[in-house]
Amino acid sequence: MKIEELLKIFKEVYGEGKEPIRCFFSSGRVNLIGEHTDYNGGYVFPAALNVGTTVLVRKRNDKKICLYATDLKELVEADIDKIDEYKNIRWGNYQLGVVKELKEAGYEVGGLDMLFHDTVPHGAGLSSSAAIECATGIAVYSLFNSKPIDKVELSFICQRAENRFVGVNCGIMDQFASSLGKKDHAIFLNTRTMEYRYVPLKLGDYKIVISNTNKKRSLAESKYNERRSQCERGLEFLKRKLNISCLGELDVETFEKYKNLIDDEIILKRVRHVVYEDDRVLKSIDVLQKGDLEGFGKLMIQSHISLRDDYEVTGFELDTLFDEALKVEGVIGSRMTGAGFGGCTVSIVHKDAIEEFARKVGENYHAKTGLVADFYTFEIDDGAREIEI
Ligand code: GLA
């Protein structure tokens, strides 16, 4: 939808007004490698997409936050001083959580009319929620605070909103990518130190293709939390001899030397995934810097296999997309992206093979699962920002 159309809807919902209307955007993300590492102080390598959440926003002269979404066509009104009362509303808790966290972090907030328009497919593991949070965060902050927003701080505020208000125990990756994304670059982030670096994605004749299983992710949250606590147990085993505070501090060599401390088959597999996945991220940065895209593709494949066999977060649908992708000529790498248990895969596909990829993978996926997959060739874009209108 064009900004003009959104403006029209805004005025229909909220009426003409004297205060100026401003527009903000934040992105969905795809993680290229480094999965289930961010809550272990490990490395991640996500990139922001050119789909996300657009927000139109205008000041009110009272203390109400009003939310309207173009897809739901429903208005939510909340009192800024009683945000906790709205925790269980049908929608809008991402936005209200962010307002609450901004306020608690000591920033000015005030009454606003807001219109939301999302283009990230929902429930696909492409962080539509982080896009909503970061778009809300930058919009609310910018209307009441004059200094430009610190985007790292923005990502922490949004993560806290999701952890404490929405009640999802996510790591920092999604909000960080949504907030700090940069066109044609992926972000190499160390989640232990929060040091990060932009790495140019020089894909040449290749494109990033995202394939959506369109599988409902019903158990995702409980399984996600289960994996988190399994990692914590792994850390406890290792701490008996090692002076470490998170699995991200462990390199492959140290892990191999001390893995016998982990007295539980399942926990050992989970920790092995985290340690080797971290190592794959480091190797990925190295091969990409040398322009070795095929080397990167191989690391993506190893990542999927580890997520399938050791971390056990893929499932039949993601594995089918992965297997079918690798059968297509012109594909140099593929893996699940995001939390797993459904959601999407990300593949590196030669530009001339994309049509065939979508057709063949789509047909075989449907034959095997009964589901219809979607295929996207989104661009890698900037993260949270104001859009001039
Ligand atoms: C979800 C979480 C992230 C991260 C990934 C798995 O997307 O929100 O913090 O843990 O899963 O890598």
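Using the three backbone atoms N, Cα and C, a Cβ is placed for every residue, glycine included.
Feature annotations, reproduced from TrEMBL:
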type    : residues                                               : note
BINDING : Glu35, His36, Thr37, Asp38, Tyr224                     : substrate binding site
BINDING : Gly123, Ala124, Gly125, Leu126, Ser127, Ser128, Ser129 : ATP binding site
BINDING : Ser129, Glu162                                         : Mg(2+) binding site
DOMAIN  : 10-59                                                  : domain 'Galactokinase N-terminal'
DOMAIN  : 287-366                                                : domain 'GHMP kinase C-terminal'
SITE    : Arg29                                                  : site 'Transition state stabilizer'
Residue counts (helix, strand, coil, in that order) that DSSP gives for the domain 'GHMP kinase C-terminal' (287-366):
48 helix, 14 strand, 18 coil
Look up Ser127 (ATP binding site) in the DSSP assignment and report helix, strand or coil.
coil
Can you give me the Cα-Cα distance between Leu126 (ATP binding site) and Thr37 (substrate binding site) in Å, rounded to a whole number?
17
I need the most crowded of these recorded positions: Arg29, His36. Count other C-beta atoms within 10 angstroms of each C-beta and give me the top one.
Arg29
Using the Cβ centroid of Gly123, Ala124, Gly125, Leu126, Ser127, Ser128, Ser129 as the reference point for the ATP site, which residues of the same chain not in that list have Cβ within 8 Å?
Gly28, Val120, Pro121, His122, Gly338, Gly343
If you count Cβ atoms within 10 Å of each one, which of the binding-site residues Glu35, Asp38, Glu162 comes out on top?
Glu35
Quiz question: given the binding-site residues Ser127, Ser129, which has the greatest number of C-beta atoms lying within 10 angstroms of its own C-beta?
Ser127
Within 10 Å of each Cβ, count the other Cβ atoms and name the one among the binding-site residues Thr37, Ser128 with the highest count.
Thr37
Residues among the recorded positions Arg29, Ala124, Ser129, Glu162 that border ligand 1 - Cβ under 6 angstroms, in sequence order:
none
Glu35, His36, Glu162, Tyr224 filtered to the binding-site residues whose C-alpha is within 10 Å of Ser127 (ATP binding site):
none
Between Ser128 (ATP binding site) and Arg29 (site 'Transition state stabilizer'), find the distance joining the two CA atoms and give it rounded to the nearest Å.
8
Using an 8 Å cut-off from the Cβ centroid of Glu35, His36, Thr37, Asp38, Tyr224, can you name the remaining same-chain residues around the substrate site, in sequence order?
Gly34, Tyr39, Asn40, Gly42, Val44, Gly171, Met173, Arg227, Val274, Glu277, Ala339
